[in-house]
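Working notes, structure below.
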There are 4 protein chains.
Amino acid sequence: MNTKTIAVLTSGGDAPGMNAAVRAVTRTGISSGMRVMGVRRGYNGLLNRDVFEMNLRSVSDIINDGGTALFTARSPEFNTPEGIQEAADNCRDMGIEGVVVIGGDGSFRGARDLTKAGIPCVGVPGTIDNDIASSEYTIGFDTAMNTAVEMVDRLRDTTESHDRCSVVEVMGRRCGDLALQTGIAVGATTILVPEIPYDFQRDIVDRMMFTQKTGKKHFIIVVAEGVGGVDKLAKDIEAKTGIETRATVLGHVQRGGSPTLRDRVVGSVMGYYAADLLYHGKGNRVVVMRGGKITDLDITEALNMTRTFDKKLYDIAHRISI
Amino acid sequence: MNTKTIAVLTSGGDAPGMNAAVRAVTRTGISSGMRVMGVRRGYNGLLNRDVFEMNLRSVSDIINDGGTALFTARSPEFNTPEGIQEAADNCRDMGIEGVVVIGGDGSFRGARDLTKAGIPCVGVPGTIDNDIASSEYTIGFDTAMNTAVEMVDRLRDTTESHDRCSVVEVMGRRCGDLALQTGIAVGATTILVPEIPYDFQRDIVDRMMFTQKTGKKHFIIVVAEGVGGVDKLAKDIEAKTGIETRATVLGHVQRGGSPTLRDRVVGSVMGYYAADLLYHGKGNRVVVMRGGKITDLDITEALNMTRTFDKKLYDIAHRISI
Amino acid sequence: MNTKTIAVLTSGGDAPGMNAAVRAVTRTGISSGMRVMGVRRGYNGLLNRDVFEMNLRSVSDIINDGGTALFTARSPEFNTPEGIQEAADNCRDMGIEGVVVIGGDGSFRGARDLTKAGIPCVGVPGTIDNDIASSEYTIGFDTAMNTAVEMVDRLRDTTESHDRCSVVEVMGRRCGDLALQTGIAVGATTILVPEIPYDFQRDIVDRMMFTQKTGKKHFIIVVAEGVGGVDKLAKDIEAKTGIETRATVLGHVQRGGSPTLRDRVVGSVMGYYAADLLYHGKGNRVVVMRGGKITDLDITEALNMTRTFDKKLYDIAHRISI
Amino acid sequence: MNTKTIAVLTSGGDAPGMNAAVRAVTRTGISSGMRVMGVRRGYNGLLNRDVFEMNLRSVSDIINDGGTALFTARSPEFNTPEGIQEAADNCRDMGIEGVVVIGGDGSFRGARDLTKAGIPCVGVPGTIDNDIASSEYTIGFDTAMNTAVEMVDRLRDTTESHDRCSVVEVMGRRCGDLALQTGIAVGATTILVPEIPYDFQRDIVDRMMFTQKTGKKHFIIVVAEGVGGVDKLAKDIEAKTGIETRATVLGHVQRGGSPTLRDRVVGSVMGYYAADLLYHGKGNRVVVMRGGKITDLDITEALNMTRTFDKKLYDIAHRISI
């Protein structure tokens, strides 16, 4: 027997493209003959019963909006045995037979626990950090990277006009993917990521000095959030090289903005898959991208995977940025 | 023995990200110990010997530029047995032992012929149309799609303010990928592609009427270049539905602009691979993306492949755009 | 005695920044102690009584949206003595004692007529065409120009990569301002506007030939909507100069998009002034920009003014684009 | 007798649109029959004789670039009696009979001193800060504001999704114009500028509490660089209101990027005027915008003017942001 009423929520940090996923879940659900409920502010909405029934038009004209139309929040109350139980009870009470959870690893752990408590859940990876081991891609990553690139391109103008060095911190929490990709795209002289230790003299100073000898006068160093310390780094670079150096932290601006095509399309397809899984009675799954294709995995299995950093790409990056 | 002097050219229609590929070829080549020559205006440059030696700084600050810093052209003179022979002779004369050709299928046929004439070539897929059977992705595709999305988002504002229908033609030549992806991203009511025949009443009028009943008052129809006929289509829709309808052809604007992160990164990695293949003495290859990874194939084999349209994605698109 | 209930509507073609004006009218009105009614779809809304009371939150988060949240339409029914009378009667019936009309000259004529019929109106110039004689600036003009510039910048990439000439038609109806400003901003070789007759040989061919001799290989010709004929012009240029030439009509894309700062700020200030005029019991006025300042004029007087084209700026444009 | 050889330089902080001005000076100068020299890195280039003759093509395709193609620098050596003398001597030696100086007030003082030392100079206001008393507008201001608006629009997405308050510091040094205009454009709840003292409880907390009662759940506070202290302010707001609050410093990103139409057009026209003044033998002038028109003033007179902050606009801003 198929699930008849499902719900959808967004949890954790917001990410551009979440709205595409919410829209696809809703439209796929309704066109499959299910009722679809929107839950506001993540798991909190299940605790507070802040839930409303959606129709086809509830998700009109949101695919191009950043953020999440369902709002989001972190929910410490939910992350307790009592919280999980209460959320499951509320779901049963409201007739919710399955939940699509759009968020990161933390949100997936909640989805796993809620499944155990009797409400089948499907996770959809939505975070700008691309820090989910089980999926090659997370919704929001492309938009955040393009925002970072656009901002560094602007910095490049002033950096170049003044023959300076710019040290730029980009987001990504403990994951260096955003820094690596952004660094390649802006032609950064050096990219610092938490996964690879660096040597100040060899990886920064010597590289700058080498390219300076070939005629280059301005430099961009991209630093992952998980490495940090850009203010000190800028001072050290200026002290050591004599090149005027400025630090910039791009900050929360990277989280917002109208989603790129990729985040809208991946969000749409993943949302479709998630609703379809619940329609076919499958829970405790997470929708992922693997080998460039959208597929699904067991949540528990997915949560046990470990990320591998693309060292080969990291080496290519530095090979062509000289 | 490794190739010692290589050349790089861009051929056919320009595509954003070509500069990232040129830059990566140049830097990878030089850092491998090879000489790298830039060829201006595609194969014409080999015929006219419009070739110059590049250094590390020749490709500075081009990664964020649209178009191609090497210029491009179509070359009917080259596409003859005499033209191929002359180009090969010129290469030998100038000491060019390998050529990276960035372009589409037509350019790859030239690369195959030039290889046969004794100059090993490696192709890199660069075209906004994504119409190369051997590669899941072509450099420039992401930028062109995002430009199309941005433009349709603008059209959406006026379409919505006036309760209209917009019929928008996007590029892609005989390939519907650009229309399909753009259509998903903008939430188009219907997407018309050359690969799938459509029925005016069922696929356009009935879908519009159905969504209108659910409360929707404005509509976007995305039409691939390979389908065309948007002016007539707009008139037919207005006549049949009574909804004011306007046609727009997005045109060459889709070809330009600063490349997105994806085109910069894929361009960079593919350029690296191409130079590395020539460094290792491998010719008659084309660099491709398959299963989300960058790899290489024999050019002749690649040219014999046939494209398959993603019918499943097409169906999902229409499932969630109601 | 002050007006107690006012209404606001947007009429004619939509323009980015109209929402800023609607928001400012609403907030200024309410904070002055008045009731503010939103009217949907221009004067039609007065005929159909499609009117709703707004509160401070009714206009939240619309300042950054393109188009108009109140929708717009042209209203032939309104433009008759009977239509005017009916609208005025409806206003009296609904207690509406003043109306802010955001739109172009056509909309202002309606505002004048409605004032004569007993409902004091204030006009706010909102149109992307900048074709209102009484005001140096109309809301939406800056956004439309910047969109045009951004699109021509993209065209420039492909035009330059292929050594081509691009002939680009921009909007503006009978007014050449948008073409003139855009042409300066993109460095167009020649700008054609309806206000200044041109000579094909002298103003296009000779200019292209002259700059070609100085080393220039790509060309952009900007043509105002009021001149038109870009397809034929492109053919003529190619035939005469031998330079490959392509025509592009930018089209309705120029109407949409998130408003620029200028349109948001000018829209906000003009909206404030309009509500303030009604608050002080002044009708039959139009808010305008003159000498860089926001002020107001009698509508009838404003409608009788004639536009003057900035010939001096036109000459400077061509002086520096060689 | 007219000046025969002129030079152009950019000085102080770079600003988008400087290239439009350089291009207009160059083209106007050459088309008037003068020789035009480009000076690299501001006044330093006069000291180092880092000067080159330009032709019509030297300034091709720079109008859409951010930063300055002539590079810029601050020059402490120049700002001494000996430095001024040396620069003047070098000018005479190189045949430079007039200099266009694009920059801020500091650069204009240099221009005044160099004029006194016998080299007639004309200043063009180029700075993103709009902090030049004599001119209503400075080149770069519009681009910087639009960049700030675009970035705050992105912040708004995440601020809204999380029901937060964002405290955003924008540039402008001691001048609140950029903060004021940006604050209006993003609908900031409160705008803090150095020209107007503020009361934490009344202007921030009470305003937030009032709008919260009307249903608003997310807030943006725009703070001028000249006020600063956003980290502490964010903590204080969160402590006092209980609303989660984050601080962001937009930073140097605001300096770069392709110039908006306005900066390209104003830059072009001001550059034209400056070259034309030198052509007519007029020095010690500064080109300014007054009453929306481009005109010129005596530099010394201009430097003695004092800025007035637009208090009326500041009040309107807060009137409509509730």
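Even glycines carry a Cβ here, placed using N, Cα and C.
A quick note: this is a predicted structure, and the numbers were derived from the prediction, not measured.
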Ask   = Looking at TrEMBL, D:THR127, D:ILE128, D:ASP129, D:ARG164, D:MET171, D:GLY172, D:ARG173, D:GLU225, D:HIS252, D:VAL253, D:GLN254, D:ARG255 are annotated for substrate. Which of D:ARG246, D:ARG262 sits in that same site?
value = D:ARG246
Remark   = Joining D:ARG74, D:SER75, D:GLY104, D:ASP105, D:GLY106, D:SER107 at the ATP site recorded in TrEMBL, out of D:GLY13, D:GLY17, D:GLY29, D:GLY176, is D:GLY13
Request  = Report the candidate from D:ARG49, D:ARG156, D:ARG174 that shares the ADP site with D:ARG23, D:ALA24, D:VAL25, D:THR26, D:ARG27, D:LYS213, D:LYS216, D:LYS217, D:HIS218, as recorded in TrEMBL.
outcome  = D:ARG156
In three-state DSSP terms, the structure that D:THR127 (substrate binding site) belongs to = coil
Note = Cα of D:ASP129 (substrate binding site) to Cα of D:ASP105 (Mg(2+) binding site), in Å and rounded, measures 11
Note = The correct subset of the binding-site residues D:ASP105, D:THR127, D:MET171, D:ARG246, D:VAL253, D:ARG255 with a Cβ closer than 8 Å to some chain A Cβ is D:ARG246, D:VAL253, D:ARG255
Task = Pick out which of the binding-site residues D:ARG173, D:ARG246, D:ARG255 has the most other Cβ atoms within 10 Å of its own Cβ.
result = D:ARG255
Request  = Look up D:ARG246 (substrate binding site) in the DSSP assignment and reduce it to helix, strand or coil.
outcome  = strand
Maximum Cα-Cα separation (Å), residues D:THR127, D:ILE128, D:ASP129, D:ARG164, D:MET171, D:GLY172, D:ARG173, D:GLU225, D:ARG246, D:HIS252, D:VAL253, D:GLN254, D:ARG255 listed as binding substrate = 33
Inquiry  = To see if you understand the setup: which same-chain residues, six or more apart in sequence, place their Cβ under 8 Å from that of D:ASP105 (Mg(2+) binding site)?
reply    = D:ASP131, D:ILE132, D:ALA133, D:LEU303
Request  = Let me know the model's mean pLDDT on the domain 'Phosphofructokinase' (D:6-278).
outcome  = 97
Task = For D:ARG255 (substrate binding site), name the DSSP secondary structure in the helix/strand/coil scheme.
result = helix
Inquiry  = If I restrict to non-local contacts, at least six residues apart, and a C-beta distance under 8 angstroms, what lies near D:MET171 (substrate binding site) in its own chain?
reply    = D:ILE128, D:ASP129, D:ALA144, D:ALA148, D:LEU178, D:GLU225, D:LEU250, D:GLY251, D:GLN254, D:ARG255
Count of other CB atoms lying within 10 Å of the CB belonging to D:ASP129 (substrate binding site) = 23
